[in-house]
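Database features, via TrEMBL:
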- 26-48: transmembrane segment (TRANSMEM)
- 41-289: domain 'G-protein coupled receptors family 1 profile' (DOMAIN)
- 60-79: transmembrane segment (TRANSMEM)
- 99-120: transmembrane segment (TRANSMEM)
- 140-158: transmembrane segment (TRANSMEM)
- 194-219: transmembrane segment (TRANSMEM)
- 240-260: transmembrane segment (TRANSMEM)
- 272-291: transmembrane segment (TRANSMEM)
Amino acid sequence: MDGGNQSGDSEFLLMGLSEIPEQQQILFWMFLSMYLVAVVGNVLIILAIGSDSRLHTPMYFFLANLSLTDLFFVTNTIPKMLVNLQSQNKAISYTGCLTQLYFLVSLVALDNLILAAMAYDRYVAICHPLHYVTAMSPQLCILLLILCWALSILYGLIHTLLMTRVTFCGSRKIHYIFCEMYVLLRLACSNTQINHMVLVATGCFIFLTPLGFMIMSYVRIVRAILRIPSATGKYKTFSTCASHLAVVSLFYGTLGMVYLQPLHTYSMKDSVATVMYAVVTPMMNPFIYSLRNKDMHGALGRFLLGKAFQRST
């Protein structure tokens, strides 16, 4: 496994966050718990929205797709990590590593683009309420979602195909929980300048452009809220977008901790930030969107009570 270029039977070693057996057991149960919470939470959000016609609105349409993306996101990385924590064999094939990288990159981009679509929905709902029904028609919502998927798939393909051009030699040990872009580039012994240039260019388009759009949307939303005369009206209006704002802050905050730094400074301490956006964020999103959201509370309650009633009869 040392020396030479990658080949069909070459492997990487996912060493994880710790090589101490006692710590690995703690990490196993911690990540298993977080994974189960993330899966159950996001599945409940999807089922509650799908089963309640009152939530068949653009905002909840995008929320259901965000939960679906988060579900795919955690399933792409955590099960393999859990297996590695319980096994002496830490190997992941070259193909398996690139597959994991593709889905990781694509799903992060998709998360980001869906959040931008949700920001546009809140902007129209608060700043142009009279035109909301026509501006956020079902056809436009589906078109926006297709665009989000298409851009994220293209983004993932570009970086995965570029990674196939990279030569790896020497140690293939990845002191990380999954195959991540920066980690693989640091292991490369060939010229990765093209990878860096494309990463910056596409990253600005896929991440900074939607972020700028979200900031502009919220500036206009805040202005619209400030024009509301009553304090109760202001609070009620702001509460409709507070959850989205919290998720955006968590997403970009954790992502920025990892990627807003030069590649040569990337170190083991950044694993904590990676865990935040790869595990904690998908786990927290259902709680954030359910917290203080009466519509979601009602839908979840009706869904769970309905299932309980079906079992009793």
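Every residue number used here counts from 1 along the chain in the order it is shown.
Glycine residues also receive a Cβ, built from the backbone N, Cα and C atoms like all the rest.
Note that the coordinates shown come from a computational prediction; the quantities given were computed from them, not determined experimentally.
Ranked by Cβ pairs under 8 Å to the transmembrane segment (60-79), the stretches 26-48, 140-158, 194-219, 240-260, 272-291 are led by 26-48. Here the transmembrane segment (240-260) lies next to the transmembrane segment (99-120) in space: the count of CB pairs under 8 Å, restricted to residues six or more apart, reaches at least 3. Under 8 Å from some Cβ of the transmembrane segment (140-158) lie the Cβ atoms of residues 58, 61-62, 65, 102-103, 105-107, 109-110, 113-114, 117, 120, 198, 202, 206, all in the same chain and six or more residues away from its ends. Taking Cβ pairs closer than 8 Å, the transmembrane segment (99-120) reaches residues 59, 62-63, 65-66, 69-70, 72-73, 76-77, 80, 92, 144-145, 147-149, 151-153, 155-157, 159-160, 163, 178-181, 184, 206-207, 210-211, 213-214, 217-218, 244, 247-248, 251, 255, 277-278 in its own chain, all 6 or more past its ends. Restricting the average to the domain 'G-protein coupled receptors family 1 profile' (41-289) gives a pLDDT of 86.
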